[in-house]
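The following features are taken from TrEMBL:
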SIGNAL    1-25  signal peptide
DISULFID  30-153  disulfide bond
DOMAIN    31-173  domain 'Peptidoglycan recognition protein family'
DOMAIN    39-179  domain 'N-acetylmuramoyl-L-alanine amidase'
DISULFID  67-73  disulfide bond
């Protein structure tokens, strides 16, 4: 029996909608993620969806003072969002996720929505920004553990390609991000790639 014209397209569309519904709640898919609603995030001006699975994870830092409490970290995340949307004129906060020194992961653009964190890679990567400046020292243990767990969640949920590449922001942009200490650390991780 032959399928009517358009059935493969309809099937693909239904599959995409199912995936979006399945992962739309970041808290449900990755335990410990603080939703935009919980940290007081604004509604994006526009949303562009990405194609899953993603081939890249890009690690960044904010190059700002660290935060150590949920109150301090949510204030920092809201400040970053305001800078990105008000001063830069972006549609949303840039990174996909932010991780505070309190050990919490704060939802930015999330897994499915295109962020504005790395020119040329926004459509094909998750950008994870650690709050602080890591030129001379590593993030605190809870921050590093949260980073590893978030990446593991992306692997387990099929949001990251099996052969995804872990990159430092400085490898694909003219920046010092994520700082020398953090860059040296992620070079020891299995998915790190010396080339994009």
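Using the three backbone atoms N, Cα and C, a Cβ is placed for every residue, glycine included.
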Alpha-carbon spacing, residue 30 (disulfide bond) to residue 73 (disulfide bond), which is rounded to whole Å: 19
Neighbourhood of residue 73 (disulfide bond) by C-beta distance under 8 A, where only residues 6 or more apart in the same chain count: 67, 100, 101, 102, 104, 106, 131
Same-chain residues at least 6 apart in sequence whose Cβ lies under 8 Å from residue 153 (disulfide bond): 29, 30, 31, 159
